[in-house]
Amino acid sequence: MAMEMRLPVPRKPVSESLGRETKKHLVVPGDTITTDTGFMRGHGTYMGEEKLIASVAGPVERVNKLICVKALKTRYNGEVGDIVVGRITEVQQKRWKVETNSRLDSVLLLSSMNLPGGELVRVSGWYCMILGGSKRERRVRDLLLGSDFSDVAISVFQRRRSAEDELAMRGFLQEGDLISAEVQAVFSDGAVSLHTRSLKYGKLGQGVLVQVSPSLVKRQKTHFHDLPCGASVILGNNGFIWIYPTREHKEEDAGGFIANLEPVSLADREVISRLRNCIVSLVTQRMLLYDTSILYCYEASLPHQIKDILKPEVLEEIVMETRQRLLEQEG
């Protein structure tokens, strides 16, 4: 049996600016945050004997007079507009059950997705059917009216779902399929309703799924990133991160149901594997995940082999360099 032995490696000194920036007020359940009654109670806190007490473990965050504690490890709490990556767990009547790392299974309704087979287009009172089900309004205008009628109002509607669509649901999405979607609504019990009414959402093809804590994914305007290293990532707000090779020609007519199952080249697989190990390294050191931090970590890992990235001394060196570059960028 092969055995690997490593000698102790001296730690690199942490810069003073880096040490000051990383200091946070950490609390555990039962710790007193403040005795000042002028602060408002936020998530992860409760009032007891005129004191604000933490109910979860994590760093204390303060916004003006609002104090909350962001849990280090928690289930996903959905918010409208969040981008999520999920796995189909069950096909039910007119809906799919989706695992999204929340307390309850999420729901994707048959009426909340673009179906292949046509869109109903209304042009000045006339209706016509556009085959394919994924034409954008500007393409419809160019196809039907031409540039001379660009001022004519066009409305695109999804056709009514029929019994045939319900019978073919497992042909669209079946158990085990991975999808990207957007949160449409959050119910009173915490369950999440999803929708895929956009060409950037739908079934996912070849790639690697990494599961992290939702608290480590930084909220941004976009969570779909094409990295210059040759791979793309979907940073789900629910903590599911999808890494896949960047497509040279993105098909707009796929409608979200045609998954790319072509063989992935060795070079792309190496890039994806390196990105996966870099994300795991950042998660181990409790760093926020977003496109810049992942890219900096990837560049810092290039001198090392992919299999060595997760070694403790290499991991610490890579993350330390990444953190230093981020601080220099922030100024």
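The backbone N, Cα and C atoms fix where each Cβ goes, and this holds for glycine too.
No curator has checked TrEMBL annotations; they are predicted automatically.
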Notebook entry, point to check: Per TrEMBL, which of 1-20, 101-120, 161-180, 241-260 is region 'Disordered'?
Noted result: 1-20
Next item on the list: Summarise the model confidence on the domain 'RRP4 S1' (75-120) as a single mean pLDDT, whole number.
Entry: 86
Note to self: Let's see if you can do this one: DSSP helix, strand and coil counts over the domain 'Exosome complex component N-terminal' (26-63), in that order.
What the structure shows: 0 helix, 21 strand, 17 coil
